Amino acid sequence: MEESSVTIGTIDVSYLPNSSEYSLGRCKHTNEDWVDCGFKPTFFRSATLKWKESLMSRKRPFVGRCCYSCTPQSWERFFNPSIPSLGLRNVIYINETHTRHRGWLARRLSYILFVQERDVHKGMFATSITDNVLNSSRVQEAIAEVAAELNPDGSAQQQSKAIQKVKRKARKILQEMVATVSPGMIRLTGWVLLKLFNSFFWNIQIHKGQLEMVKAATETNLPLLFLPVHRSHIDYLLLTFILFCHNIKAPYIASGNNLNIPIFSTLIHKLGGFFIRRRLDETPDGRKDILYRALLHGHIVELLRQQQFLEIFLEGTRSRSGKTSCARAGLLSVVVDTLSSNTIPDILVIPVGISYDRIIEGHYNGEQLGKPKKNESLWSVARGVIRMLRKNYGYVRVDFAQPFSLKEYLEGQSQKPVSAPLSLEQALLPAILPSRPDAAAAEHEDMSSNESRNAADEAFRRRLIANLAEHILFTASKSCAIMSTHIVACLLLYRHRQGIHLSTLVEDFFVMKEEVLARDFDLGFSGNSEDVVMHAIQLLGNCVTITHTSRKDEFFITPSTTVPSVFELNFYSNGVLHVFIMEAIIACSIYAVQNKRGSGGSAGGLGNLISQEQLVRKAASLCYLLSNEGTISLPCQTFYQVCQETVGKFIQYGILTVAEQDDQEDVSPGLAEQQWNKKLPEPLNWRSDEEDEDSDFGEEQRDCYLKVSQAKEHQQFITFLQRLLGPLLEAYSSAAIFVHTFRGPVPESEYLQKLHRYLLTRTERNVAVYAESATYCLVKNAVKMFKDIGVFKETKQKRASVLELSTTFLPQGSRQKLLEYILSFVVL
């Protein structure tokens, strides 16, 4: 058998079937709608698959609807039944039909004519921001306070000089912070971006119905708050460009001061970007910089008061893992405070999902391998632009979620009878150390006691803002389209890690595409599956190896096993993780429950029977364990409720079946009568068939028992789901092993480096099952989780965080139980 192996980065196009026709996406669609390119099917495309694709392809779901439970009025607002049918369009496809002119010259100058006809003028944007902020009462108070600290015992004249000095400092800070939007620069940048985006993106897709909702929101004369996920530096320009193309004024963008570099900073200022410190506490003694905080607060308030649009990245920084990170709600709290003070009547919030076939940064392998982040510079920006012009990054999809009223959300939350949420320590320690009381089980028992709601109450305010941020990020993440590179990378890592024939990969790609659509997530691609798969393989570059087998005239696709390549594949694979995250949690929990029952010897003759109550509890505890990996569910739902719903889906799929009555009666009495420390909340209990409808619902209720299907396709799906969480659980379990050798106190940064080195060593020695378990993001998340559940105590010494073991986990036995708890979910 003759074989030749090449990486796709240097692939010989003669190896590709119908290479002359392999041009997926390179055509700029002449239709506004997203239509299939009419590619000729390649040889590995079977007639059966063609028939299945035409017959089974699902209608695209409309994503981004706001939460009906929290904002029922906004649910009906801006939306009508015709919006989902408006379809998609390619924003960067512009010709004379998008202008008022026709003819040969209009075709040649279509970009110039298009940007010239956009509605953007100086009157749209804020004026006199610096003076208004300096004259605000909060800033004046901060200036006086800082001046008093400079001259605590000074005379009136010295105090006046100190105030003038602080005012000059405040004005200088504002001059660096405040954006001066230039309509001319926006037009020029729009023209440049049309040229650039067409050179390194094949298209940028938006849903026309979503833009109609955004346009309707702009007509309310209320400030809009755009809150996108953060994947790439190009995010800053992308949103402004799309809004500009649709005659919607540019938002003011909160940018980190790491981008405050010569020339580039001027461009960002002219486009509406304003720079903020990445850390607000930058005084030499580590105290809060009250002057800077007051100026930033005043700046945001003034923009909102003048009905400007804002764009804030809740994650704070670009995601290095490919997953949506946890929220940092600092600036969002300023927005909430502004609304609470009745400065403005309302704010419309718009979560935004952004998906890339391939980010312009390519990957974050350097940082994931523990290398320090390189500071941005003018030279690095120039090199980045040159690099982008030499490559193509495929498709981009931007989804605008339905705008919702922030006022409605806040008022609704203030009236809900919700008790204070459990800390991770309260929720998880009883599961790790069973001798402790089970606080998680009593989570809902206090829900009937309605707390007094007062936005001035700091604890309630913090909880309210945190929940709002989680709500927004969950919606934005749910709105993110799944790209072809996400699915292909996921299949190669967690279904076919040893390699797979291209024809089989295409079949599995089609099946997974249908699974994604069935879960109401949209796709960022269209067309024949074999062409889309080849498109994804090309973009994944050196991460994938293609071997040509001349005997079968077939290709064999293998993921690269080098650590950087696996890290990169994992980054793109994580783009699809949120689609299956809850199902993966249930799959791992099924294993944990079965493994515990099998090793404990109490299963008796139960076979595959498992307790539904126990499964839901186990899954909920795993949700808590993984809560630092992103927003798993809406904050208006408990983990118990979400796990219960997901178990119901497994029953619908046929993966789990409710045991027959005779089988449930055969359950050993010791197991059937097992008492839990606390009852589950009402939605998670199951009535006995014999229980009288008028009986007290608080009495002990009968559990329900489930069977796990042994069908081959169901077992394969469970295995796939378990592998999705494999890297996370391996990282956490390895971190738990490393805790056994802890010698403290130790600076957190030093401990992170040691733990990361340990995980990388496991990978280099082929001890690790998943090489991607050694990413630096997982190291940080594992240590943060251990701090949250009380494994480590954290103290501050000279502005540095120092870790030491808590008294609870000083005994080796407690650390061993932590390890055993995490390992219970790990499928060996």
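Just so it is clear, glycine is given a Cβ too, placed from its N, Cα and C backbone atoms.
Feature annotation from Swiss-Prot assigns topological domain 'Cytoplasmic' to 1-87 (among others); the stated evidence is similarity to another entry.
Within the region 'Important for mitochondrial localization' (80-120), the DSSP-based counts of helix, strand and coil residues read 19 helix, 3 strand, 19 coil. As annotated by Swiss-Prot, region 'Important for mitochondrial localization' applies to 80-120, with the evidence given as similarity to another entry.
Feature annotation from Swiss-Prot assigns intramembrane segment to 88-118.
Under the heading topological domain 'Cytoplasmic', Swiss-Prot lists 119-828 (among others), citing similarity to another entry as support.
Under the heading motif 'HXXXXD motif', Swiss-Prot lists 230-235. Residues of the same chain lying 6 or more positions beyond the ends of the motif 'HXXXXD motif' (230-235) and with a Cβ under 8 Å from any Cβ of it are 259, 313, 315-319, 325, 354-356, 359-361, 384.
Per Swiss-Prot, CoA binding site is recorded for R278, R279, K288, R293, R328, R462. In the three-state DSSP scheme, R328 (CoA binding site) is classed as coil. The Cβ of R328 (CoA binding site) lies under 8 Å from the Cβ of L314, E315, G316, A469, each on the same chain and at least six residues away in sequence.
Secondary structure at S380 (phosphoserine), taken from DSSP and collapsed to helix, strand or coil, is helix. Residues or ranges marked as phosphoserine by Swiss-Prot on the basis of a large-scale study or a structure entry: S380 (among others).
What Swiss-Prot lists as phosphoserine is S688 (among others), and the listing cites a large-scale study or a structure entry.
The phosphoserine annotation in Swiss-Prot covers S695 (among others).
Sequence annotations record features per position, and here Swiss-Prot assigns N6-acetyllysine to K780 (among others). Residues near K780 (N6-acetyllysine) in space but far in sequence (CB under 8 A, at least 6 apart, same chain), listed by position: L752.
Within its own chain, K784 (N6-acetyllysine) has N628 as residues 6 or more apart in sequence whose C-beta sits under 8 angstroms from its own. Annotated N6-acetyllysine per Swiss-Prot: K784 (among others), in sequence order, evidence recorded as similarity to another entry.
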What whole-number Å value do you get for the CA-CA distance of R462 (CoA binding site) and S380 (phosphoserine)? 38
The motif 'HXXXXD motif' (230-235) - residue tally per DSSP class, helix then strand then coil: 1 helix, 0 strand, 5 coil
Number of Cβ atoms other than its own within 10 Å, given for R279 (CoA binding site): 8
Across the topological domain 'Cytoplasmic' (119-828) the predicted model averages a pLDDT of 86
Roughly how many Å separate the Cα of S380 (phosphoserine) from that of R279 (CoA binding site), to the nearest whole number? 23
So for K288 (CoA binding site), how many other CB atoms are inside 10 Å of its CB? 11
Restricting to the chain of R278 (CoA binding site) and a gap of 6 or more, list residues whose Cβ falls under 8 Å of its Cβ, or answer none. G256, N257, N258, G316, T317
